[in-house]
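Database features (TrEMBL):
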{"type": "BINDING", "residues": "Gly32, Gly33, Gly34, Leu35, Met36, Gly37, Asp55, Glu120, Lys125, Ser147, Asn171, Lys303", "note": "NAD(+) binding site"}
{"type": "BINDING", "residues": "Ser71, Lys78, Ser147", "note": "CoA binding site"}
{"type": "DOMAIN", "residues": "27-212", "note": "domain '3-hydroxyacyl-CoA dehydrogenase NAD binding'"}
{"type": "DOMAIN", "residues": "214-311", "note": "domain '3-hydroxyacyl-CoA dehydrogenase C-terminal'"}
{"type": "SITE", "residues": "His168", "note": "site 'Important for catalytic activity'"}
Amino acid sequence: MAFVTRHFIRSMASSSTASAKKIVIKHVTVIGGGLMGSGIAQVAAATGHTVVLVDQTENILAKSKKAIEESLRRVAKKKFAEDLKAGDEFMAKTLSSISTSTDAASVVHSMDLVVEAIVEKLEAKNELFKRLDKFAAEHTIFASNTSSLQITSLANATTRQDRFAGLHFFNPVPVMKLVEVIKTPMTSQKTFESLMDFSKTLGKQPISCKDTPGFIVNYLLLPYLLEAIRLYERGHASKEDIDTGMKLGAGYPMGPFELLDFIGLDSMKFIINAWHEMDPQNPSFQLSESLNKLVAENKLGRKTGEGFYKYK
(Lines of atoms letter the chains of each structure in order from A and count residues from 1; the text may use other names and numbers.)
(Lines give C-alpha, C1' and ligand atoms only; values in the text may rest on other atoms or scores of the structure.)
Protein backbone atom coordinates (compact mmCIF):
# COMPACT_ATOMS: atom_id res chain seq x y z
CA MET A 1 0.00 0.00 0.00
CA ALA A 2 2.88 2.35 0.78
CA PHE A 3 4.30 1.69 -2.69
CA VAL A 4 0.96 2.45 -4.32
CA THR A 5 0.43 5.60 -2.28
CA ARG A 6 3.95 6.88 -2.92
CA HIS A 7 3.62 6.47 -6.68
CA PHE A 8 0.13 7.94 -6.69
CA ILE A 9 1.36 11.05 -4.90
CA ARG A 10 4.24 11.32 -7.35
CA SER A 11 1.92 10.98 -10.34
CA MET A 12 -0.44 13.58 -8.89
CA ALA A 13 2.44 15.96 -8.35
CA SER A 14 3.63 15.58 -11.93
CA SER A 15 0.15 15.94 -13.39
CA SER A 16 -0.61 19.03 -11.33
CA THR A 17 1.97 20.93 -13.35
CA ALA A 18 0.28 19.99 -16.59
CA SER A 19 -2.51 21.92 -18.22
CA ALA A 20 -5.89 21.54 -16.52
CA LYS A 21 -7.55 21.41 -19.92
CA LYS A 22 -9.24 18.22 -20.96
CA ILE A 23 -7.40 15.92 -23.34
CA VAL A 24 -8.88 15.84 -26.82
CA ILE A 25 -8.52 12.15 -27.66
CA LYS A 26 -7.46 11.58 -31.25
CA HIS A 27 -5.11 8.60 -31.18
CA VAL A 28 -6.33 5.36 -29.61
CA THR A 29 -4.80 1.95 -28.99
CA VAL A 30 -7.19 -0.93 -28.32
CA ILE A 31 -5.63 -4.01 -26.70
CA GLY A 32 -7.56 -7.16 -27.57
CA GLY A 33 -8.93 -8.05 -31.00
CA GLY A 34 -11.94 -10.01 -29.82
CA LEU A 35 -15.58 -9.06 -30.20
CA MET A 36 -15.43 -6.09 -27.82
CA GLY A 37 -12.00 -4.82 -28.84
CA SER A 38 -12.83 -4.99 -32.55
CA GLY A 39 -16.08 -3.16 -31.94
CA ILE A 40 -14.37 -0.39 -29.97
CA ALA A 41 -11.72 -0.04 -32.69
CA GLN A 42 -14.43 0.16 -35.35
CA VAL A 43 -16.50 2.90 -33.74
CA ALA A 44 -13.39 4.93 -32.87
CA ALA A 45 -12.08 4.74 -36.44
CA ALA A 46 -15.51 5.51 -37.90
CA THR A 47 -15.66 8.76 -35.90
CA GLY A 48 -12.36 10.20 -37.05
CA HIS A 49 -9.85 8.69 -34.62
CA THR A 50 -6.68 6.90 -35.64
CA VAL A 51 -6.65 3.45 -34.09
CA VAL A 52 -4.06 0.74 -33.49
CA LEU A 53 -5.61 -2.63 -32.72
CA VAL A 54 -3.29 -4.95 -30.79
CA ASP A 55 -3.42 -8.69 -30.17
CA GLN A 56 -0.98 -11.55 -29.71
CA THR A 57 -0.83 -12.91 -33.27
CA GLU A 58 -1.23 -11.72 -36.84
CA ASN A 59 -3.80 -14.48 -37.38
CA ILE A 60 -6.05 -13.10 -34.65
CA LEU A 61 -5.68 -9.59 -36.02
CA ALA A 62 -6.54 -10.74 -39.55
CA LYS A 63 -9.78 -12.24 -38.22
CA SER A 64 -10.46 -9.02 -36.30
CA LYS A 65 -10.00 -6.88 -39.40
CA LYS A 66 -12.29 -9.18 -41.37
CA ALA A 67 -14.96 -8.93 -38.67
CA ILE A 68 -14.66 -5.15 -38.65
CA GLU A 69 -14.97 -5.02 -42.44
CA GLU A 70 -18.10 -7.18 -42.39
CA SER A 71 -19.61 -5.05 -39.63
CA LEU A 72 -18.79 -1.84 -41.50
CA ARG A 73 -20.42 -3.23 -44.62
CA ARG A 74 -23.66 -3.71 -42.67
CA VAL A 75 -23.41 -0.20 -41.24
CA ALA A 76 -22.71 1.33 -44.65
CA LYS A 77 -25.58 -0.55 -46.28
CA LYS A 78 -27.99 0.87 -43.72
CA LYS A 79 -26.50 4.35 -43.34
CA PHE A 80 -25.86 4.99 -47.03
CA ALA A 81 -28.70 3.05 -48.58
CA GLU A 82 -29.34 5.81 -51.12
CA ASP A 83 -25.67 6.53 -51.89
CA LEU A 84 -23.56 3.42 -52.45
CA LYS A 85 -20.50 5.44 -53.41
CA ALA A 86 -20.60 7.33 -50.12
CA GLY A 87 -20.91 4.00 -48.33
CA ASP A 88 -17.82 2.65 -50.07
CA GLU A 89 -15.90 5.82 -49.18
CA PHE A 90 -17.02 5.54 -45.56
CA MET A 91 -15.78 1.96 -45.38
CA ALA A 92 -12.46 2.75 -47.05
CA LYS A 93 -11.80 5.77 -44.81
CA THR A 94 -12.67 3.88 -41.63
CA LEU A 95 -10.53 0.86 -42.51
CA SER A 96 -7.60 3.11 -43.45
CA SER A 97 -7.74 4.59 -39.93
CA ILE A 98 -7.12 1.18 -38.32
CA SER A 99 -3.65 -0.34 -38.19
CA THR A 100 -2.66 -3.46 -36.29
CA SER A 101 0.27 -4.59 -34.17
CA THR A 102 1.37 -7.53 -32.05
CA ASP A 103 3.61 -5.30 -29.90
CA ALA A 104 1.62 -2.99 -27.65
CA ALA A 105 4.70 -1.45 -26.04
CA SER A 106 5.92 -0.17 -29.39
CA VAL A 107 2.74 1.77 -30.23
CA VAL A 108 1.47 3.31 -26.97
CA HIS A 109 4.14 6.03 -26.81
CA SER A 110 2.15 8.31 -29.14
CA MET A 111 -1.36 7.54 -27.91
CA ASP A 112 -3.90 9.70 -26.12
CA LEU A 113 -5.88 6.69 -24.90
CA VAL A 114 -5.21 3.00 -24.35
CA VAL A 115 -8.31 0.84 -23.98
CA GLU A 116 -7.83 -2.69 -22.68
CA ALA A 117 -10.31 -5.39 -23.77
CA ILE A 118 -8.51 -8.65 -23.04
CA VAL A 119 -9.51 -11.72 -21.02
CA GLU A 120 -11.31 -11.04 -17.73
CA LYS A 121 -8.41 -12.03 -15.47
CA LEU A 122 -7.01 -9.58 -12.96
CA GLU A 123 -3.46 -10.92 -13.18
CA ALA A 124 -3.34 -10.67 -16.98
CA LYS A 125 -4.74 -7.15 -17.02
CA ASN A 126 -2.44 -5.94 -14.25
CA GLU A 127 0.61 -7.40 -15.98
CA LEU A 128 -0.39 -5.64 -19.20
CA PHE A 129 -1.00 -2.26 -17.58
CA LYS A 130 2.18 -2.43 -15.52
CA ARG A 131 4.25 -3.09 -18.63
CA LEU A 132 2.58 -0.46 -20.82
CA ASP A 133 2.84 2.16 -18.07
CA LYS A 134 6.58 2.25 -18.70
CA PHE A 135 6.18 3.04 -22.41
CA ALA A 136 3.12 5.27 -22.64
CA ALA A 137 3.39 9.06 -22.75
CA GLU A 138 2.74 10.95 -19.54
CA HIS A 139 -0.56 12.37 -20.79
CA THR A 140 -1.90 9.00 -22.00
CA ILE A 141 -5.09 7.82 -20.33
CA PHE A 142 -5.48 4.12 -19.54
CA ALA A 143 -8.96 2.59 -19.51
CA SER A 144 -10.33 -0.90 -19.03
CA ASN A 145 -13.43 -2.34 -20.66
CA THR A 146 -13.83 -4.85 -17.82
CA SER A 147 -17.38 -5.68 -16.82
CA SER A 148 -16.59 -7.34 -13.51
CA LEU A 149 -13.22 -6.35 -12.04
CA GLN A 150 -12.52 -3.43 -9.74
CA ILE A 151 -11.01 -0.53 -11.67
CA THR A 152 -9.01 0.60 -8.63
CA SER A 153 -7.22 -2.76 -8.51
CA LEU A 154 -6.20 -2.31 -12.14
CA ALA A 155 -5.14 1.31 -11.70
CA ASN A 156 -2.89 0.35 -8.80
CA ALA A 157 -0.73 -1.68 -11.19
CA THR A 158 0.39 1.63 -12.71
CA THR A 159 1.84 4.95 -11.63
CA ARG A 160 -0.94 6.88 -13.39
CA GLN A 161 -3.91 6.27 -11.11
CA ASP A 162 -5.17 9.78 -11.84
CA ARG A 163 -5.18 8.97 -15.56
CA PHE A 164 -6.98 5.66 -15.22
CA ALA A 165 -10.69 4.85 -15.42
CA GLY A 166 -13.22 2.30 -16.56
CA LEU A 167 -14.73 2.59 -20.03
CA HIS A 168 -17.34 -0.14 -20.25
CA PHE A 169 -18.93 -0.67 -23.68
CA PHE A 170 -21.80 -3.01 -24.45
CA ASN A 171 -22.10 -5.78 -27.03
CA PRO A 172 -22.41 -5.30 -29.96
CA VAL A 173 -20.39 -2.10 -29.67
CA PRO A 174 -21.36 -0.57 -33.05
CA VAL A 175 -25.04 -0.91 -32.13
CA MET A 176 -25.31 -0.36 -28.39
CA LYS A 177 -25.38 3.34 -27.49
CA LEU A 178 -24.38 3.13 -23.84
CA VAL A 179 -20.94 3.54 -22.29
CA GLU A 180 -20.32 3.42 -18.54
CA VAL A 181 -17.47 5.72 -17.48
CA ILE A 182 -16.12 4.51 -14.14
CA LYS A 183 -14.36 7.01 -11.91
CA THR A 184 -12.22 5.69 -9.06
CA PRO A 185 -11.35 7.85 -6.03
CA MET A 186 -8.01 8.53 -7.75
CA THR A 187 -9.30 9.36 -11.24
CA SER A 188 -8.79 13.06 -11.96
CA GLN A 189 -11.68 15.22 -13.10
CA LYS A 190 -9.65 16.00 -16.23
CA THR A 191 -9.44 12.30 -17.09
CA PHE A 192 -13.09 11.71 -16.33
CA GLU A 193 -14.29 14.62 -18.48
CA SER A 194 -11.94 13.63 -21.31
CA LEU A 195 -13.46 10.14 -21.39
CA MET A 196 -17.01 11.48 -21.20
CA ASP A 197 -16.26 13.71 -24.20
CA PHE A 198 -14.58 10.86 -26.07
CA SER A 199 -17.62 8.64 -25.55
CA LYS A 200 -19.86 11.35 -26.98
CA THR A 201 -17.65 11.73 -30.06
CA LEU A 202 -18.21 8.01 -30.69
CA GLY A 203 -21.94 8.70 -30.84
CA LYS A 204 -22.51 7.02 -27.48
CA GLN A 205 -24.45 8.09 -24.41
CA PRO A 206 -22.03 8.01 -21.46
CA ILE A 207 -23.21 7.56 -17.89
CA SER A 208 -20.97 7.76 -14.84
CA CYS A 209 -20.63 5.41 -11.91
CA LYS A 210 -18.34 4.91 -8.96
CA ASP A 211 -16.11 1.84 -8.80
CA THR A 212 -18.71 -0.61 -7.55
CA PRO A 213 -19.01 -4.29 -8.66
CA GLY A 214 -20.78 -4.50 -12.01
CA PHE A 215 -21.12 -0.71 -12.15
CA ILE A 216 -24.76 0.19 -12.95
CA VAL A 217 -26.13 -2.12 -15.64
CA ASN A 218 -24.56 -5.43 -14.64
CA TYR A 219 -25.11 -4.82 -10.94
CA LEU A 220 -28.84 -4.72 -11.66
CA LEU A 221 -28.95 -7.11 -14.63
CA LEU A 222 -26.99 -10.14 -13.43
CA PRO A 223 -28.98 -10.80 -10.23
CA TYR A 224 -32.15 -10.61 -12.35
CA LEU A 225 -30.73 -13.22 -14.74
CA LEU A 226 -29.68 -15.47 -11.86
CA GLU A 227 -33.11 -15.20 -10.28
CA ALA A 228 -34.66 -16.29 -13.58
CA ILE A 229 -32.42 -19.38 -13.54
CA ARG A 230 -33.43 -20.14 -9.93
CA LEU A 231 -37.10 -19.79 -10.82
CA TYR A 232 -36.57 -22.36 -13.57
CA GLU A 233 -34.49 -24.65 -11.33
CA ARG A 234 -37.25 -24.71 -8.72
CA GLY A 235 -39.68 -25.87 -11.41
CA HIS A 236 -41.95 -22.87 -11.01
CA ALA A 237 -42.02 -22.11 -14.74
CA SER A 238 -40.44 -23.19 -18.00
CA LYS A 239 -37.65 -21.10 -19.44
CA GLU A 240 -39.83 -20.43 -22.48
CA ASP A 241 -42.65 -19.03 -20.34
CA ILE A 242 -40.24 -16.98 -18.25
CA ASP A 243 -38.84 -15.44 -21.43
CA THR A 244 -42.31 -14.79 -22.84
CA GLY A 245 -43.45 -13.29 -19.55
CA MET A 246 -40.60 -10.78 -19.38
CA LYS A 247 -40.94 -9.80 -23.04
CA LEU A 248 -44.71 -9.33 -23.08
CA GLY A 249 -45.21 -8.36 -19.45
CA ALA A 250 -42.19 -6.14 -18.82
CA GLY A 251 -41.56 -4.99 -22.38
CA TYR A 252 -38.02 -6.40 -22.52
CA PRO A 253 -36.71 -7.09 -26.05
CA MET A 254 -35.23 -10.43 -24.92
CA GLY A 255 -36.17 -12.84 -22.18
CA PRO A 256 -33.56 -13.67 -19.50
CA PHE A 257 -32.60 -17.06 -21.00
CA GLU A 258 -32.34 -15.61 -24.49
CA LEU A 259 -30.13 -12.87 -23.09
CA LEU A 260 -27.98 -15.32 -21.14
CA ASP A 261 -27.29 -17.29 -24.30
CA PHE A 262 -26.50 -14.07 -26.15
CA ILE A 263 -24.07 -12.83 -23.47
CA GLY A 264 -22.33 -16.19 -23.14
CA LEU A 265 -22.81 -18.48 -20.16
CA ASP A 266 -19.07 -18.64 -19.49
CA SER A 267 -18.93 -14.85 -19.19
CA MET A 268 -21.90 -14.90 -16.84
CA LYS A 269 -20.33 -17.61 -14.68
CA PHE A 270 -16.98 -15.84 -14.53
CA ILE A 271 -18.51 -12.57 -13.33
CA ILE A 272 -20.75 -14.20 -10.74
CA ASN A 273 -17.86 -16.30 -9.42
CA ALA A 274 -15.79 -13.13 -8.96
CA TRP A 275 -18.63 -11.33 -7.19
CA HIS A 276 -19.32 -14.35 -5.00
CA GLU A 277 -15.69 -14.39 -3.87
CA MET A 278 -15.91 -10.70 -2.97
CA ASP A 279 -19.21 -11.04 -1.11
CA PRO A 280 -20.01 -14.73 -0.41
CA GLN A 281 -22.95 -13.91 1.86
CA ASN A 282 -24.81 -11.83 -0.69
CA PRO A 283 -27.84 -13.90 -1.82
CA SER A 284 -27.84 -12.17 -5.21
CA PHE A 285 -24.38 -13.57 -5.96
CA GLN A 286 -25.01 -17.23 -5.16
CA LEU A 287 -23.84 -19.72 -7.78
CA SER A 288 -26.19 -21.69 -10.03
CA GLU A 289 -25.95 -25.47 -10.59
CA SER A 290 -27.63 -25.24 -14.00
CA LEU A 291 -25.24 -22.54 -15.15
CA ASN A 292 -22.20 -24.44 -13.88
CA LYS A 293 -23.34 -27.64 -15.60
CA LEU A 294 -23.86 -26.01 -18.99
CA VAL A 295 -20.48 -24.27 -18.86
CA ALA A 296 -18.77 -27.54 -17.89
CA GLU A 297 -20.36 -29.15 -20.96
CA ASN A 298 -19.14 -26.24 -23.14
CA LYS A 299 -22.72 -25.24 -23.87
CA LEU A 300 -22.04 -21.54 -23.69
CA GLY A 301 -24.95 -20.11 -25.67
CA ARG A 302 -25.20 -18.81 -29.20
CA LYS A 303 -21.45 -18.85 -29.82
CA THR A 304 -21.27 -22.63 -29.36
CA GLY A 305 -24.68 -23.46 -30.84
CA GLU A 306 -26.26 -24.47 -27.54
CA GLY A 307 -26.86 -23.01 -24.10
CA PHE A 308 -30.22 -22.88 -22.41
CA TYR A 309 -31.56 -23.18 -25.96
CA LYS A 310 -30.24 -24.97 -29.05
CA TYR A 311 -29.28 -22.97 -32.14
CA LYS A 312 -28.78 -24.20 -35.70
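Every residue, even glycine, has its Cβ placed from backbone N, Cα and C.
In the predicted model, the domain '3-hydroxyacyl-CoA dehydrogenase C-terminal' (214-311) shows an average pLDDT of 94. Of the listed binding-site residues, namely Lys78, Lys125, the sparsest CB environment within 10 A is found at Lys78. Comparing the binding-site residues Ser71, Ser147, Asn171 on other C-beta atoms within 10 angstroms of each C-beta gives the minimum for Asn171.
Straight-line distance linking the Cα atoms of Gly34 (NAD(+) binding site) and Ser147 (CoA binding site), rounded to a whole number, equals 15 Å.
Separation of the C-alpha atoms of His168 (site 'Important for catalytic activity') and Ser147 (CoA binding site): 7 Å, rounded to the nearest whole number. Cα of Ser71 (CoA binding site) to Cα of Met36 (NAD(+) binding site): a span of 13 Å. Counted over every protein chain shown, other Cβ atoms within 10 Å are most numerous around Gly32 among the binding-site residues Gly32, Gly34. In sequence order, Ala117, Asn145, Phe169, Asn171, Val173 are the residues near Met36 (NAD(+) binding site), counting only same-chain partners six or more apart with C-beta under 8 A.
Around His168 (site 'Important for catalytic activity'), a 10 Å sphere centred on its CB holds 26 further CB atoms from the protein chains shown.
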